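Asker: My structure is below; once you've seen it, I'll send some questions.
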Amino acid sequence: MGKMKWILGRSRTPALVFPRCGGTYQNDDSFTSSEDSLLGRHRNRTTISASSSTSTFITGSTGSSIVNIHKHHDYNKCHDRRMSVTKQKELNLLITAPQVPELSTGDDSLKNKVTVEEPSIQDNHVCEIKPQPQPQPQPEHRCSSKNNLGQSAAPQVQIHWGPQVMAALSVSLGSMVVGFASAYTSPALVSMAEPNSTVQPDLQQKSWIGSLMPLSALLGGIAGGPLIETIGRKTTILATALPFIVSWLLIALAVNVPMLYAGRVVAGFCVGIVSLCFPVYLGETLQPEVRGMLGLLPTAFGNVGILLCYSAGKYLNWSMLATLGACIPVPFLVCMLFIPETPRWYFSKAKGKCAMKSLQWLRGKDADISQELKEIENINNESLKSPSGSSFELFNKSNLKPLLISLGLMFFQQMSGINAVVFYTVMIFKAAGSTLDGNTSTIIVGVVNFGSTFLATILIDRFGRKVLLYISSVAMIISLAVLGTFFYLKDHTDTNVTPYGWLPLVSFVIYVIGFSFGFGPIPWLMMGEILPAKIRGSAASIVTGFNWTCTFVVTKTFTDLITGLGSAITFWMFGGICLAGLFFVIFWVPETQGKSLEDIEKKLTGQVRRMSSIANLRPLPMAV
């Protein structure tokens, strides 16, 4: 009987050595594996050659591919070191394809080499497995315990925080400009009503100053999709820095309302573009293990911009506040010059070397990027093999589900009424008769918004996206219901609500905490995660445009809703929409925590059918 041995080479890649058993196996060609693996993934070629007088070697090409360990563990557990015909056939199948993607068990017994004595594959024969003593390793073959075969097959992911944190912070500085622009009208409109103001818009003009930014952002979102596909994610973001500065200077130097309109239109157009680019850029550059936390930094810094605007608005008039806004894009412009374009965009433009340099910078100069680079290249090649993208490609059955999920998240984000709250915070507190000063209350809301978003960045990779969305929905439902009840008692009953003047502030704080925990940052984060690579630019453009359309509708109609329906019914309506959003998350939204963009796309679009282990394979047309 011949012998078959496991041999571990320098790269810790398993290899098999066995002589030919006379008359049992087929010819050599039947034991040659192709590049298309049995599990549907591309692998490097594995070659088996044999002769009657020489041994046969089966070797993998990379150390990351390891044999299906749990099967060999089962063979070692055979009663009396004997195995059935079924086990024998499974072993033969495993010999022909020793590398599989799914691995398990960390049995230390597998560190030993194993010798398999194989008399035949006849039904009345069995295979005897004898453990061999571990030879003394040579110095050059020594490796750390984390690479031992006996440990879990899943490789330890090495995270280089520095480059990814720098990329996220650079993008987040732009988000701070967006937050400042969004909150500007809350203190500025009050300042414009003062007697010494050079510009004094009426009520209708004030509503347009607040709503022109989201309306223009709708156009920016539509334009941003083709831009990020044509000139790249980074270049598109960079192109908005100077127009941001110009928009704030127009507002700061305004001598009439049309100049205010022009400044808000330019700012809104840039806001629409960057709000599309930020999640796409971060989704394509950050590792899955840190994408949740670092992916929320733009939202956190956006809240920093809101808090900065609220705080400065208490002491500065509308013109000086706009001058401060013109200074914020400067560090954003400088930092964006030092980060690279995304590797996925480089691959889409057939710039493989640039993609490799970009990914190496993002992962660290000493990181092994070969596997990740290959996965990105493979998914890009698959998208190129598909029919060329058209306007109808967005609505293919495979792409429709992630697109609808992203649209739904954006709908419930904006229809919760958050921008109405942010744009008209001071006015709402004055209408509620709060015992606190309106500007002071807005600063408190801004601080809470800022702190809760940073807390969400810590918790999102621990609890996942859906759990935070659940918390967000419940908190907003309760706070809006209480706020609506307060206004109902104040406006429609004889109840004295003066002792409860603190209640609007508490309700707003809970509402903002809930929003900042989930429905504020996560829809933007998931937009960059769940949209398929082939339609990511055009789909993100549609989703962003839809988001700003909802923002415009809520912002422009909020004062009309308050006048026509009353404050109580308006806030109850927003609470009912949040309740519907909770059920949407439960039944529709997938969990993307810790998953690569390629895995998320395969799951949502159903492009690849995965098999969990070699036991799921069907018999091959060979003598097994």
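Using the three backbone atoms N, Cα and C, a Cβ is placed for every residue, glycine included.
Note: TrEMBL annotation is automatic and uncurated.
Dumping what TrEMBL says about this protein:
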- 167-593: domain 'Major facilitator superfamily (MFS) profile' (DOMAIN)
- 121-149: region 'Disordered' (REGION)
- 165-187: transmembrane segment (TRANSMEM)
- 207-228: transmembrane segment (TRANSMEM)
- 235-255: transmembrane segment (TRANSMEM)
- 261-282: transmembrane segment (TRANSMEM)
- 294-313: transmembrane segment (TRANSMEM)
- 319-339: transmembrane segment (TRANSMEM)
- 403-429: transmembrane segment (TRANSMEM)
- 441-460: transmembrane segment (TRANSMEM)
- 467-489: transmembrane segment (TRANSMEM)
- 501-525: transmembrane segment (TRANSMEM)
- 537-555: transmembrane segment (TRANSMEM)
- 561-589: transmembrane segment (TRANSMEM)
Asker: Between the stretches 165-187, 294-313, 537-555, 561-589, which one has more Cβ pairs under 8 Å with the transmembrane segment (261-282) than any other?
Answerer: 165-187
Asker: Looking at 235-255, 319-339, 441-460, 501-525, 561-589, which one has the highest count of Cβ pairs under 8 angstroms to the transmembrane segment (165-187)?
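Answerer: Counting Cβ pairs under 8 Å, the winner is 319-339.
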Asker: The transmembrane segment (207-228) and the transmembrane segment (537-555): do they have three or more Cβ pairs under 8 Å, with pairs 6 or more apart in sequence?
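Answerer: Counting Cβ pairs under 8 Å, at least 3, so yes.
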Asker: Is the count of Cβ pairs under 8 Å between the transmembrane segment (235-255) and the transmembrane segment (501-525), pairs 6 or more apart in sequence, 3 or more?
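Answerer: The transmembrane segment (501-525) and the transmembrane segment (235-255): touching, no.
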Asker: So which residues does the transmembrane segment (207-228) touch in its own chain, when a touch means Cβ under 8 Å and the partner is 6 or more beyond its ends?
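Answerer: 181-182, 185, 189, 201, 236, 239, 257, 260-261, 264-277, 280, 345, 419, 423-424, 537-545, 547-549, 551-552, 555-556, 559.
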Asker: Quickly jot the same-chain residues contacting the transmembrane segment (501-525) by Cβ under 8 Å, restricted to those at least six beyond its ends, or write none.
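Answerer: The answer is 275, 278-279, 282-283, 291-292, 295-296, 298-300, 303, 406, 409-410, 412-413, 416, 418, 421, 425, 428-429, 432-436, 441, 444-445, 448-449, 452-453, 455-456, 460, 465, 468-476, 478-480, 482-483, 486, 547, 581.
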Asker: Under 8 Å between C-beta atoms and at least six residues away from its ends: which parts of the chain pack against the transmembrane segment (561-589)?
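Answerer: Result: 404-405, 408-409, 412, 415-417, 431, 465-466, 469-470, 473-474, 476-477, 480-481, 483-485, 487-488, 491-492, 519, 526.
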Asker: What mean pLDDT score does the domain 'Major facilitator superfamily (MFS) profile' (167-593) have in the model?
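Answerer: A mean pLDDT of 86 is what the predicted model shows over the domain 'Major facilitator superfamily (MFS) profile' (167-593).
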